[in-house]
Every structure is written in C-alpha cells, then in structure tokens.
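Participant: Could you have a look at this structure, given as structure tokens, before my questions?
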Amino acid sequence: MPELPEVEVVRRGLERWVAGRTVADAEVLHPRAVRRHLAGADDFVHRLKGHRIGTPARRGKYLWLPLADSGQAILAHLGMSGQLLVQPPDAADEKHLRIRIRFADDVRTELRFVDQRTFGGLSLHDTTDDGLPDVIGHIARDPLDPLFDDEAFHQALRRKRTTIKRALLDQSLISGVGNIYADEALWRSRLHYDRPTTGFTRPRTTELLGHTRDVMNAALAVGGTSFDSLYVNVNGESGYFDRSLDAYGREGEPCKRCTTPMARRAWMNRSSYFCPKCQRAPRIS
DNA sequence: ACTTACTCCTGCACGC
DNA sequence: TGCGTGCAGGAGTAAG
C-alpha cells in the first residue's frame, strides 16, 4: 500500500532512470489505467510523444513527471497496488501491465505502469504556476514538505468536527498519510483513533506531527513498507520497513511499550490497529 | 457547507 | 477440491 514514503522512493527512482529522457511512444493496455485522462487512451499516447521528461515531483501520494516546455505533466497515482517499473524492453510483460512508455534514446529501458487492482493510473494535465497539476489543487501539502504549515493544520483540526484518524487520512488537510502510517503515528503519540480533534492542544498536534514525520523518514530510509509485496521501487525491489512496524498488522502481538496484546477494530471499511492500554478510547465514543 | 457512505478492482486466505 | 465469503483500501463522488 504505497503511502508517502513508498511514493517518494518511486519518485527518486524515476529521477534517476527516467528524468531527461524523451518519450518515443506509449501503449495503453488497459483503459481503466488512464480513466482520469478524460480525452481517452489515444489522446494520452498522442500527447506524450516527443516530449522530454523533467524532474519528477511529488505531493503526498501523487507524483508527476513534468513534460518540458509543454506546461503539462504526467500525473501518477499508485492507488492500492500500482507500480512504476523501469524494465529492459525484452523483459516479459507483467501479468498486470497497464501502460508502457518507450523512450527515444539508446538506454535499453522502458517505463511500465503495472497495477493489479487498477485503483491507480496515469493522466496528463496542465500545470499551474507553481508546477502543480491542476487537478490536485485540493491536495494539501504533506508533512515532509518544507512549506507544510503546522499552525494552520492545528487550527484546521480544531475547526473540524471529526476524529483524529479521519483527519490524518483527509488528504485536503494533510497529504501522504494512509492507513499504515496513520496507525503508526497514532501509536507513537499514544492517541486513540477515535479521539475528537476539537479539543486538541498545540503541543498534542505538534507531537503528532513530529511522530508522523519521524515514522515516514524512518520508512524512507529503508526503502518504504512492503507489507504485502505489492509495493516495490522502480527496480522491483521491496522495502524493509514492515519489520519495524509497531502497530499496523500486529493484532494479538504484544505492544512494544507495555506488552498488552494489540487490538484491531473494523473502522471505515478498513482496520485500525492500536494498543488498548496505551491508546485509551475517548470517554464518549 | 460540511460530514459520511458508497464504489471501483483483483487475488489471496479462509471455512465448510 | 472447490466454492463462496471476507479482506486489503485511496479517493472521487453521491448522498445525508
């Protein structure tokens, strides 16, 4: 499940292997992979050809490849199971290969978008003055963005009538956090996922943001989390952070702080993992 | 205006 | 063994 650290690992791989190269041709093998490109697959392919790729950028879980001198960018979201792979042209097609992009140079690699569950996809969009694809203007800056505004986030939390994990997953408040890193940051902060945000104090928000950044940076340092082997970097390699998870996926295992068995609750069509002792439920639930 | 629920999709781990 | 069921869940959109 690619979240911010995993997407950043992919972005770095693209920066190394794809930036500066010119698109020769592209091939869309599954229309759903370009569903956010409203003009359709043929238009997507046609408009890519001949453009040179600039430095890959990222906000939260979105990443994009600017197309030099065009005012446009290829926007990518990996969804649940999307992979961007740099492969030799003669490597066998992956079972779930959705899009192939070939380059006009002598480097013997092509870019492939592979996606089992097809929640992800690529699309082409105009970029705004700050280089952001226009369709992701509603996505908040992420906690590793130097321009992320901690105070504005704190005030937004207090304004909202919501609970803390909902807020962490709300990409218009803070981006890049998904189910895994939300549970990890909450465990480190000793916060229950259902705690209302209304009464959050500034120190509490500051601590939570600190833990969010810490856990993301730690994951980034070891190549991200590959919980179910669906996430890999552009070379097809897994990250190692799954071994360092303190909360996610640890139902029944001892809390690493207090040894109480970790609990799992069905929550918003997914799961929340937490320590029932360290992360007390709010009084009114 | 704001919050919540639904929906898309495939493969795998289950239990009977 | 084979089949049905549940689960993984990001984010746009519809509904409340």
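Any Cβ shown, glycine's included, is placed from N, Cα and C.
Below, the features straight out of TrEMBL:
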ACT_SITE  A:PRO2  active site, schiff-base intermediate with DNA
ACT_SITE  A:GLU3  active site, proton donor
ACT_SITE  A:LYS61  active site, proton donor
ACT_SITE  A:ARG270  active site, proton donor
BINDING   A:HIS96, A:ARG117, A:LYS160  DNA binding site
DOMAIN    A:2-120  domain 'Formamidopyrimidine-DNA glycosylase catalytic'
DOMAIN    A:246-280  domain 'FPG-type'
Participant: Sort out the sequence-distant neighbours of A:GLU3 (active site, proton donor) for me: same chain, 6+ apart, CB within less than 8 Å of its CB, listed by position.
Facilitator: A:LYS61, A:GLY176, A:VAL177, A:GLY178, A:ILE180, A:TYR181, A:MET216, A:THR225
Participant: Let's see if you can do this one: DSSP helix, strand and coil counts over the domain 'FPG-type' (A:246-280), in that order.
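Facilitator: Secondary-structure composition of the domain 'FPG-type' (A:246-280): 0 helix, 12 strand, 23 coil.
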Participant: Per DSSP, what is the helix/strand/coil residue tally across the domain 'Formamidopyrimidine-DNA glycosylase catalytic' (A:2-120)?
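Facilitator: Breakdown, helix to coil: 26 helix, 43 strand, 50 coil.
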Participant: Counting every protein chain present, what is the number of Cβ atoms, excluding its own, within 10 Å of the Cβ of the residue listed as 'active site, schiff-base intermediate with DNA'?
Facilitator: 28
Participant: With DNA as the bound species and A:HIS96, A:ARG117, A:LYS160 as its recorded binding residues, calculate the greatest Cα-Cα distance and give it in Å as a whole number.
Facilitator: 40
Participant: What does the structure give for the C-alpha distance between A:ARG117 (DNA binding site) and A:ARG270 (active site, proton donor)? Integer Å is fine.
Facilitator: 16
Participant: Secondary structure at A:LYS160 (DNA binding site) (DSSP, helix/strand/coil)?
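Facilitator: DSSP call for A:LYS160 (DNA binding site): coil, neither helix nor strand.
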Participant: What does the structure give for the C-alpha distance between A:LYS160 (DNA binding site) and A:ARG270 (active site, proton donor)? Integer Å is fine.
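Facilitator: Approximately 22 Å lies between the Cα of A:LYS160 (DNA binding site) and that of A:ARG270 (active site, proton donor).
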